[in-house]
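The domain 'Citrate transporter-like' annotation in TrEMBL covers 17-363. Under the heading transmembrane segment, TrEMBL lists 6-21, 28-45, 57-79, 91-124, 136-158, 179-199, 226-243, 250-267, 273-292, 304-325, 362-388, 400-420 (among others).
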Amino acid sequence: MNAPLIITLGVTVFLIVGFLSGKFKLGLVAMTAATILCVTGVLTFDEAYANFSNGNVIMVGAIFILSGALGKTSLVPVLKELIMRNSSKSGLIVFLYLLANAILIQFSMPTALVAMMIPFMAAFGEDSKIQPSHLLLPGAVVAHCWQGMFPGAFFVMLNSYLEASGTDVRLGMLDYSKVVALPALFSLFYMAFIGWRGFKPNKLVETDAVKATASKSDLTPFQEKIVYVVFVLTFVGILLSNYLPIDMQVIPVIADLVLLYCGILNLNDVKNFMNIDTLFMLAGVLPLATAMQKTGAGTVFADFILSLLGGNPAPITVLIAFYMAGAVLTQFMSNTATQNIFVTLAVVTALNLGLDPRAFCIAIYAGCTAAMMTPTASPSIAIAFGAGQYKIKDVVKVCLPLWIIYGVLVIFMSTLIYPLA
């Protein structure tokens, strides 16, 4: 192994240990990792710190500001009172929240969805049985597991892998949904009835946006209406961003500008409402994915898997090996990068063994989408980690059983629909 690859693996271990220790802010650990990658020459300065201008980071920062504006209205106290009146129905509240995530993810991206849910977390007061930590990460996990269930672009992307490998077989519009439906349903019910109870009742990160909800609204009724209209338009705009001529990430920025010009927000609000630790963590963990791609860590891992399989492996062994490789690495690397590496290699390997590549294509793609156990898994998980103040050991304890059973169900369903024999 070359030096950059060794350094990248070392930084990955440092990041995991730093997050596990719980002694340091997540943003500090993440930015330290990015700086090490820069100082050692694994990444250039631009590669290490370019994520401060990353679309997801900017969008999340803008939504934090929008959340603060919503917190200045009388909506959150009203929601808080409603929740307290129905505190005995905590299980139903969790289930409905997770179901909403499962539905909305069909029209949005995980990062945008998690960020848009943060403003409503302030409605859960200290006396509430339900706290933001019971909802944010479970919602993000369910969103990842349910992504692509509604027929859309997923089957087109999957067919591009099959086409590139030279095979004539193709997937239909509903094929991905057929395989993932059962695992996705399991993720919903697991988190709704078991998973959320495993998280400690942490409050939302204490920023001025959160504190603002505790005080009486200082906005006029007309200003409150402006905030509500802007928030709804922002939410709808993000959901329908594929049909708009502008990037999704700029929509909440426009919303913040409107509120500033209307005098509802000022520059001090902009500064105070942003959760800096979460933004630093998000900007700091993304360079690790760049480093893993640049040093070829994913390819090395894939080659190692192939060498372990030997000369004549059983078809199911090949599928499980590639699924596990992609599902593990996606916890530390970009979903897209792991999909590009492992789906491609698995499809080619399946064709060489005379097997139906569709089972491999769908199963491994789904495995690489099931990012749930570390802040480096995806931007949406990182946002939930930061805002909900989760400890990585608690997340692993809750999510590991789901991750394992989800994988078993994906492999079972893919081989049931597309037999390997």
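Cβ coordinates come from backbone N, Cα and C, glycine included.
Any TrEMBL annotation is an automated prediction that lacks curation.
Put simply, of 57-79, 91-124, 273-292, 362-388, the stretch with the most CB pairs closer than 8 A to the transmembrane segment (136-158) is 91-124. Annotation: stretch 400-420 has the most Cβ pairs under 8 Å to the transmembrane segment (179-199), among 57-79, 226-243, 250-267, 362-388, 400-420. If one looks beyond the transmembrane segment (226-243) by at least 6 residues along the same chain, the residues whose Cβ comes under 8 Å of a Cβ in the stretch are 66, 69-70, 72-73, 75, 104, 107-108, 112, 116, 119, 219, 251-252, 255, 258-259, 262, 264. Listed by sequence, the residues of this chain that lie at least six past the ends of the transmembrane segment (400-420) yet keep a Cβ under 8 A from its Cβ atoms are 141, 145, 175, 178-183, 186-187, 190-191, 195, 315-316, 319-320, 323-324, 327, 355-356, 358-360, 362-363, 366-367, 370, 372-373.
Listed stretches 28-45, 57-79, 304-325, 362-388 were compared with the transmembrane segment (250-267); the greatest number of C-beta pairs under 8 angstroms is found for 57-79. The stretch in 6-21, 273-292, 304-325 that contributes the largest number of Cβ pairs under 8 Å to the transmembrane segment (28-45) is 273-292.
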